[in-house]
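A quick write-up on the structure given underneath.
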Number of protein chains: 4
Amino acid sequence: MLTIADQTFSSRLFTGTGKFSSAKEMESALIASASELVTVALKRVDLKGKDDDILHHLKYPHINLLPNTSGVRNAKQAIFAAQLAREALETNWIKLEIHPDPKYLMPDPIETLKATEELVKLGFVVLPYIHADPVLCKRLEDVGTAAVMPLGSPIGSNKGLRTIDFLEIIISQSRVPVIIDAGIGAPSDAAKAMEIGADAVLVNTAIAIAKDPTNMAIAFKMAVEAGRMAFESKLGAQTHYAAASSPLTVFLDEEF
Amino acid sequence: MLTIADQTFSSRLFTGTGKFSSAKEMESALIASASELVTVALKRVDLKGKDDDILHHLKYPHINLLPNTSGVRNAKQAIFAAQLAREALETNWIKLEIHPDPKYLMPDPIETLKATEELVKLGFVVLPYIHADPVLCKRLEDVGTAAVMPLGSPIGSNKGLRTIDFLEIIISQSRVPVIIDAGIGAPSDAAKAMEIGADAVLVNTAIAIAKDPTNMAIAFKMAVEAGRMAFESKLGAQTHYAAASSPLTVFLDEEF
Amino acid sequence: MLTIADQTFSSRLFTGTGKFSSAKEMESALIASASELVTVALKRVDLKGKDDDILHHLKYPHINLLPNTSGVRNAKQAIFAAQLAREALETNWIKLEIHPDPKYLMPDPIETLKATEELVKLGFVVLPYIHADPVLCKRLEDVGTAAVMPLGSPIGSNKGLRTIDFLEIIISQSRVPVIIDAGIGAPSDAAKAMEIGADAVLVNTAIAIAKDPTNMAIAFKMAVEAGRMAFESKLGAQTHYAAASSPLTVFLDEEF
Amino acid sequence: MLTIADQTFSSRLFTGTGKFSSAKEMESALIASASELVTVALKRVDLKGKDDDILHHLKYPHINLLPNTSGVRNAKQAIFAAQLAREALETNWIKLEIHPDPKYLMPDPIETLKATEELVKLGFVVLPYIHADPVLCKRLEDVGTAAVMPLGSPIGSNKGLRTIDFLEIIISQSRVPVIIDAGIGAPSDAAKAMEIGADAVLVNTAIAIAKDPTNMAIAFKMAVEAGRMAFESKLGAQTHYAAASSPLTVFLDEEF
């Protein structure tokens, strides 16, 4: 079981709600994923209405909503967005995303640390999306972050774990859960993240843009479980010289 | 369902029997893997005795034995070994492994083609272990191979799919099942092999040397299923520019 | 020609002075490298003495010293160190290195930005060593950094350009020179850095720990020039399908 | 100095003549490369005429022609082509290329071994283009090949050293020169090939399709020299933990 702040999770697969071709398809995929933490962009939530489409499709007892601040560009905007989200969704959890860059959506380390510190003081459970920067992770810990969410590769790129050398350092040093957040493009990437010891992964694009999102969600669910189980069962080391699985005998020598 | 020759398989995870710390542990892991095709080195089989240890632990209705010729160094030895195996194990299936090199156990393309051609004529269902050589695969097809088993990386190295560029070519051209055979070191590697369209994988070392082989076998089982499901559900492409899963809005602009 | 602040450089290979087995060997290698910017740890400089060994070996007209703040752990210490260096070495150039972590020596983004801003105000030409973080690079530009020095992989690891996906983003966006600073372990890594458009590389460990540092320095010199020339001569794209360099004809068909 | 058969070479950069936009441009680039072994497709040679364009541009004392059999699909065709080439170009050197596959141009291991054996008996100096197959390399040695030319990645793909794990095995075992033949897409790839101990590289597409082929040829020339020098000067190992080039002191501790 994974624990973040005061919440425990059976599933280590977190998901997002963007890019699905319909809300119906999104609902089907997210249910299939068994994900218990689903991030939703504040903008998608109808802050005034009652029948907001996305929220309507996410009303399941096992699903915890994780509003995100996508679209904000500095700490001040992020804090305001978090407060709006808290009121609208009645949760003090916030996925902090501050990316001033509209092309690659890379996160801002300075504003993210500043906003995390402030939001923690305001009583939020903060999960910041960050570059795979080991020192920033430690600094976020120091100001009370609930977890860290380093990226595997640029958001939406499906490139997988291009930052793996740094993710391994982050995992080895972290006192809070490490959730790999962006770039995971295939179940094998999710499995790999879990194998190196990540606590969870967040997957959105790769599920949403698959030809069959619901089955892809199931594939990710299994891959995350497989990777976690492999981590716990301890993989052997890579070796340089080959070593046969089958005995290397020359048992027929005498006969030829 | 995967079909090789006249046999269908529910599981796309094939396994081996080497390197386990005990026959008991091997049995437990292989049952957990749900593998229906298990390769066994002829040398390990007591060709005369009745109470051979390994075979005793593999007597399950769902398990098909796949004797291998590990230890032979040329076509002539391989054919002799295959005939011994057919008598001893009462199967005409043979995993053809010809590796004259004792250090890296790399397979011999010339002897392998020669032995395949001969064994097919002798009524065998031949599954040859080979380098990830696209042209060799086509030539093996031409002489009636039942499948091809290209390596991902050197046997026992756990290095994963280092030959992926060539595996993709092989898969795109093959008319027989493609089984990735060596070097798969983690469930993520197995998932990746399936995602690119392999028909099955053969895993031995990574399960056998894990701290908990039985749970590792389960992890591989799930990863193979996840990878296959992802292949069938069609993954999206990698992209260079990032694209947010969440909408890239500037929704707070007017307020700041 | 590369220009940083008001200085032009013929060589795009910057070097360091650590880890050489002797000052004599260092001198020989650095001269062979033709490097015009050599970083030196403040600690190594005898701040009071006249006959400091390292400086004595670096007194060449073409060599510009670049004192670094290695060993400091926050902005305040860094600023103090920079001021000491300016007095001792009579240069207002400073390589800013702030790494609170003693194991991986990863740089601190927050303190680095803070110190850069302050040092620029104090009249320094600042070259900060940073993680390959595209947003941090833009923020450093905003406060007047003279260049950015993102890492390729952890200092001293010789792992090469593990951050290449992010280096490419940084290079495409930067208005100041981009110098790849850590992890470059072989001439091929340095060539690659230049091929993707880096303005310069800083190499130390790979030269210093080579069996023959002087020849290794020459190898790096040539590799940097080769990579830069390739960048300027524009490499062709990678392709998926093969395309023969030689004509794919079937010129013998009629005869066989 | 590199020796193949009875010939010594100062340059370890071999080149090809395909894909240049003009013969003039080809000549300029090949002279700039300082290459002493240049492969030419038999088809391009006007077997009857006197004023063949390509040959005319390659008449330099330091350039040895290496006719290749590109376009043949089996051993028989290859042997015939080699004999034609010997007559036409008055050289018994032949680059053996047998690729029945028109899409990826992957070489055929069986026909290549057969043709090599026959051609050696006929007095040829044979340089076969092959997949990076360590066992095939040994078998080619056994029949008298003058060198082996394993591919780095598919011809013309510019993907670099995708077969590096196998190239390292080949180099460690070979008694004849190892020339990396296909896929080298940038000077950094060529440098890397030399760093791991290859005896030479053959580059064609990457030079021919560059915007400035002549300068690209110079870049490759320098990169090959850099890589060879690095190999001879012995690179240090990669390490997992970082180790500072600069001393990791806490020299300012007492003051803050």
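These residue numbers are counts, starting from 1, taken along the chain as shown.
Here the Cβ of each residue, glycine as well, is placed from N, Cα and C on the backbone.
As recorded in TrEMBL, the features of this protein are as follows:
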DOMAIN    D:3-247  domain 'Thiazole synthase ThiG'
ACT_SITE  D:Lys95  active site, schiff-base intermediate with DXP
BINDING   D:Gly156, D:Ala182, D:Gly183, D:Asn204, D:Thr205  1-deoxy-D-xylulose 5-phosphate binding site
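Among D:Gly156, D:Ala182, D:Gly183, D:Asn204, D:Thr205, the residues given in the record as binding 1-deoxy-D-xylulose 5-phosphate, the maximal Cα to Cα distance rounds to 9 Å. Following the DSSP three-state reduction, the secondary structure of D:Gly156 (1-deoxy-D-xylulose 5-phosphate binding site) is coil. In sequence order, D:Asn204 are the recorded positions among D:Lys95, D:Gly183, D:Asn204 whose C-beta falls under 8 Å from a C-beta of chain C.
Around the Cβ of D:Gly183 (1-deoxy-D-xylulose 5-phosphate binding site), a 10 Å sphere holds 25 further Cβ atoms from the protein chains shown. Around the residue listed as 'active site, schiff-base intermediate with DXP', taking its Cβ as the centre, 28 other Cβ atoms fall within 10 Å, counting all chains.
Neighbour count (other Cβ atoms within 10 Å of the Cβ, all protein chains): 24 for D:Asn204 (1-deoxy-D-xylulose 5-phosphate binding site). According to DSSP, the residue listed as 'active site, schiff-base intermediate with DXP' is assigned to a strand segment. D:Ala182 (1-deoxy-D-xylulose 5-phosphate binding site) is surrounded by 33 other CB atoms, counting those within 10 A of its CB over all protein chains shown. Each residue in the domain 'Thiazole synthase ThiG' (D:3-247) has a pLDDT score, and their mean in this model is 92. When the Cα atoms are compared, D:Gly156 (1-deoxy-D-xylulose 5-phosphate binding site) and D:Lys95 (active site, schiff-base intermediate with DXP) turn out to be 17 Å apart. Here the Cβ of D:Thr205 (1-deoxy-D-xylulose 5-phosphate binding site) has 24 other Cβ atoms within 10 Å, regardless of which shown protein chain they belong to.
In this structure, D:Thr205 (1-deoxy-D-xylulose 5-phosphate binding site) is part of a helix by DSSP. Separating the Cα atoms of D:Ala182 (1-deoxy-D-xylulose 5-phosphate binding site) and the residue listed as 'active site, schiff-base intermediate with DXP' is a whole-number distance of 13 Å. For the residue listed as 'active site, schiff-base intermediate with DXP', the nearest of the binding-site residues by C-alpha distance turns out to be D:Asn204; the candidates were D:Gly183, D:Asn204, D:Thr205.
Residue environment of D:Gly156 (1-deoxy-D-xylulose 5-phosphate binding site) contains 27 other Cβ atoms, counted within 10 Å of its Cβ in all protein chains.
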